[in-house]
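Features reported for this protein in TrEMBL:
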type	residues	note
TRANSMEM	41-63	transmembrane segment
DOMAIN	49-536	domain 'K+ potassium transporter integral membrane'
TRANSMEM	172-195	transmembrane segment
TRANSMEM	215-233	transmembrane segment
TRANSMEM	240-261	transmembrane segment
TRANSMEM	315-340	transmembrane segment
TRANSMEM	360-387	transmembrane segment
TRANSMEM	408-430	transmembrane segment
TRANSMEM	442-464	transmembrane segment
TRANSMEM	471-494	transmembrane segment
TRANSMEM	500-520	transmembrane segment
TRANSMEM	532-555	transmembrane segment
DOMAIN	549-806	domain 'K+ potassium transporter C-terminal'
TRANSMEM	575-593	transmembrane segment
Amino acid sequence: MASLSESEVTNRGSMWELDQNLDQPMDEEAGRLKNMYREKFSSVLLLRLAFQSLGVVFGDLGTSPLYVFYNIFPRGVDDDEDVIGALSLIIYTLTLIPLLKYVFVVLRANDNGQGGTFALYSLLCRHAKINTIPNQHRTDEELTTYSRQTYEENSVAAKIKRWLEAHAYKRNILLILVLIGTCTAIGDGILTPAISVLSASGGIKVQNQNMSTDIVVLVAVVILIGLFSMQHYGTDKVGWLFAPIVLLWFILIGSVGAVNIHKYNNSVLKAYNPVYVYRFFRRRWNSDIWTSLGGVMLSITGTEALFADLCHFPVLAIQIAFTLIVFPCLLLAYTGQAAYIISHKQHVAYAFYRSIPDAIYWPAFVIATAAAIVASQATISATYSIIKQALALGCFPRVKIVHTSKKFLGQIYIPDINWVLLVLCIAVTAGFKNQSQIGNAYGTAVVIVMLVTTFLMVPIMLLVWKSHWVLVVSFTVLSLIVEVPYFVACILKIDQGGWVPLVIATAFFLIMYVWHFCTVKRYEFEMHSKVSMAWILGLGPSLGLVRVPGIGFVYTELASGVPHIFSHFITNLPAIHSVVVFVCVKYLPVYTVPTEERFLVRRIGPKSFHMFRCVARYGYKDLHKRDEDFEKMLFDCVLFFVRLESMMEGYSDSDEFSVPEQVTGGGASRSLMMSGAAAGAFLGAEKTCSTTMCSNGELSFSSQDSIVPAQSPLRGVMAGGGQLTARWSASTEVGDELEFLNRCKDAGVVHILGNTIVRARRDSGVVKKIAVDYMYAFMRRMCRENSVLFNVPHESLLNVGQIYYI
């Protein structure tokens, strides 16, 4: 959020100071020791993970030999030098982009093992205040998964940071760039299954020249329908097959390539001389060089998916798999195809299948089809993950997300998106019916994502890595030298199929940008209309109304302050619950929030008000599972907060005390001990504390001081001396409050959700009215409600509506 000017600080007045004293950010609640560590892998485990990564990460990149040469020479081959030049260009494109840029540079820019465009964006959001929804606080930086850098005042990184934070339009430009990369990556999820499955199915026609192309398309459509229909089962049940299939595929293409080099023409090995790249450009510059470049671009499709599918594998495992298996096998495959094409120039259309020996043709066809399905599965799963990240950061409507595996958090299924992808895949496959036009569309989508990654890597290298500007410039220039010509080649093919990913990306971009724009406006409305704590105190303990038995959970997007929905509620109804808990569920720019650090609780106002705040924090990879009882988790957090608060109040600054407590929700007796000095620092003037939910269902608390096992339960009693009476009084008081809270829960729990309707002003332009009043309103009606996300019972739900004009 923007910093305040000196005049604003001077004129804030006593009411502002009262608000700050009574409702401060949860700095102390979030304080805890960070147990950051670097996970180490044994050599055997690393090799096993490298093997498993083949089936998840490299399927898309590995199936490119099915269609690359046909897209380079769609009109046939005239000269051997053209084939050798194209092969040389493929070799050095594979070396510069997948090997050097991604495997050894971009993969290091992961967010604790998470890759993709939004992972880069989350890194930047933690190192600079560029998040367009300013709901982060200092407390969030205390998370163990929240890592950031500090900069010297006059360093290049500090200057870049200030430059990015200076104006809102720079943050918006960066967000638009991220959304463009995300939307084109979603386009990859549509085009990869289409071109991979269609290319693999084309093997049927090679053995039967009289077969109609429509039959090949029909077979591809049937495979696509079967593939998308199986998505709800998840990849966990069949994922163990992926790595052996892809490994067998790489062995096949590498072996066939080596045989073809020896059998047909080993003179193609001179393509490893980069001089032939120059000759290729010189020979074809005035003919169809841009068509050929668009085909060569397809040799590195799947490279961005290599980064996006990083989730479950360490970077070193992927580097080992690529350098030892993937890269050599791809070079052999392309070199062998080039050798075959030189000897059989008329067979360039299905060069891969025609170069396979007849004895292994049908087994190779089966392996190729299976590899295409695996490649499609990896891209579809990456699309689900991308949409989940966009949803968590407020850039996509709330769609249903199904967790398909109990062992792997990243394996999810989104039904609505699945059927949209299926329809679009079938439309692309049946509409174009050939690899050439789908290849043009595919190349356009891939090169745009690569350019976005290059531009995002510049601030990453400066802010996160603190790299020297010479290295940053070198990386950027080398990447753009390769990618810009490919981008131009793909753009020139817009009328030949390249328009497809642009249309798809534009549609998804409009959806995501409109949703994010209205989400930001709704949050700004909540911020500007929140209620003053002075007004709440003026109402007294009864809040000026009848306090009826029960607990009211008031959901708000604010992590501090009393939301406008609360004042709107109590001014229209004559009563409010005896206990009020303001619940804020927010997503942070981290890949996950550990379960034991998820909840923060504090008291608002005096104890007689019985008002609390609970902040539930999630990362963009975290999921709300249906088997979680969110209501029970909130109530247990409040109960434990009250117990811990009372325990802290009874300590002096010089004693140690061990208190056996029956922890609610865990069912196990736990002995807790904190030094008196730590307790004093933990409570401070406000006497606040933090409660957290452990993964085993138990509650624990955290502070900036360590908690050690109790040595003697009598030590604190002996040291306490004259304070024993005060502690007994505190224990009696907390017992009364706990009993009061339990009685209120038994009386009933109501979840109060705000339903802020956003509409365009009457004097707004036509574009804004269409975006807000129609597009956003339609998406709000179609998407899931918050009550469904948190499994709130319908009978205990109360919606409070209000209209906000923007």
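Think of each number as a place in line: the chain as shown, counted from 1.
Keep in mind that glycine also has a Cβ here, set from the backbone N, Cα and C atoms.
Among the listed stretches 240-261, 408-430, 500-520, 532-555, 575-593, the one sharing the most Cβ pairs under 8 Å with the transmembrane segment (172-195) is 500-520. Here the transmembrane segment (408-430) does not lie next to the transmembrane segment (471-494) in space: the count of CB pairs under 8 Å, restricted to residues six or more apart, is fewer than 3. Panel annotation: around the transmembrane segment (215-233), residues 193-194, 197-198, 201-202, 204-205, 369, 373, 376-377, 380, 402, 404, 413, 415, 418-419, 421-422, 425-426, 429-430, 433 of the same chain, lying at least six beyond its termini, place a Cβ under 8 Å from a Cβ of the stretch. Counting Cβ pairs closer than 8 Å and at least 6 residues apart in sequence, the transmembrane segment (315-340) and the transmembrane segment (360-387) reach fewer than three and form no contact.
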